[in-house]
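Below: the structure, in structure tokens.
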Amino acid sequence: MKLARTVSVAVTGGTGQIAYSFLFALAHGDVFGSDCGIDLRVYDLPGLERVLSGIRMELDDCAYPLLQSLRVTTSLEDAFDGIDAAFLIGAAPRGPGMERSDLLKRNGEIFSLQGSVLNTSAKRDAKIFVVGNPVNTNCWIAMSRAPKLNRRNFHSMLRLDQNRMQAMLAHRAQVPLDEVTNVVIWGNHSAKQVPDFTQSLISGKPAVEVISDRDWLENIMLPSIQNRGSAVIEARGKSSAGSAARALAEAARSIFVPKEGEWFSTGVCSDYNPYGIPEDLIFGFPCRMLPSGDYEIIPGLSWDVFIKNKIQISLDEISQEKANVSLL
């Protein structure tokens, strides 16, 4: 097989459920495309060497043509050395009844360390995708500890929320999923995220025209998406894994193998954004890729009073989380 290029990729939390699903999609070509080789490093904590060796065996047994090299490691320095991309999946998990403040404290040290090692080991233009919750704040911590890396290359995953919203709109309108476009999530990946149905299109028409029941949009769909993660935990006793892995692959593919004009929601550094969100936050915006390979935050979208108020609530939460971790 003739490859266009080979990229070096690190995945943390390699023995966890999300990583287990994601690794096979990555090696198959679902992230970087079918002509891109993968130099893969799978990381997890010391003490998990045996489990890592089992994952290596399975990846080897798949005989993926794109998987040019593979190593498993319990050293962050080894995992991040010279990488082009990192998927920071490993984090202290959220369990039933756990508050976000508990997660902030437990994960602050994890992402501070990972950011510091990225700063000394990764390529200067490496792209970093953070999945572990609270994802916006964890991403901000890692970004803040890696000043040598481009702040624009840090992303917190909102694609799972985008996918959830797309599915709910499609089901309600009784149309195929690909008929629902311009799905926008603002703010934090939390129960205060803002699924902005006023921007979405269904079969090319405004979603609020196709689904005229504003009460359903505001009071059923929106809170259902906001609380979907908790609902999954209550139902299965564990956080979303397969759907999160799928969303991560799609989120990264939108950046590495973009579709012309595609809108996607991602948490990025708020510096110089066109919506007046304070700088030095990781905030969810609708974005699209440019021919240069960089992204832009889609400008010029208007907020009605309902959406504007929801965005302020989400902004307040992100700002408070940042203030809390700054004290740790």
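We number each residue from 1, going along the chain as drawn.
Including glycine, each Cβ sits where the backbone N, Cα and C put it.
What Swiss-Prot records for Gly13, Gly14, Thr15, Gly16, Gln17, Ile18, Ala19, Asn107, Gln114, Val131, Gly132, Asn133 is NAD(+) binding site, and it gives sequence analysis as the kind of evidence. Residues annotated as substrate binding site in Swiss-Prot: Arg94, Arg100, Asn133, Arg164. If you look up Swiss-Prot, you'll see His189 marked as active site, proton acceptor, on the strength of sequence analysis.
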Proximal residue to Ala19 (NAD(+) binding site) among recorded positions Asn133, Arg164, His189 (C-alpha distance): Asn133
Secondary-structure category, per DSSP, in which Gln17 (NAD(+) binding site) falls: helix
Closest of Asn133, Arg164, His189 to Gln17 (NAD(+) binding site), Cα positions, recorded positions only: Asn133
Distance, Gln114 (NAD(+) binding site) to Arg164 (substrate binding site) (CA atoms, angstrom): 29
Under 8 Å by Cβ from Gly132 (NAD(+) binding site), same chain, sequence gap 6 or more: Gly13, Leu88, Ile89, Gly90, Ala91, Ala92, Asn107, Ile110, Phe111, Asn138
Separation of alpha carbons, Thr15 (NAD(+) binding site) and Asn133 (substrate binding site) (Å): 17
List of residues, in chain order, with Cβ under 8 A from that of Gln114 (NAD(+) binding site) and at least 6 apart: Thr12, Leu76, Leu88, Ala142, Arg145
Pairwise Cα distance for Thr15 (NAD(+) binding site)/His189 (active site, proton acceptor) [Å, integer]: 23
Spatial neighbours, same chain, of His189 (active site, proton acceptor) - Cβ under 8 Å, 6+ residues apart: Asn133, Pro134, Val135, Asn136, Ser156, Met157, Leu158, Leu160, Asp161, Gly267, Gly284
Neighbour-count leader, CB within 10 A, binding-site residues: Thr15, Gln17, Asn133: Asn133
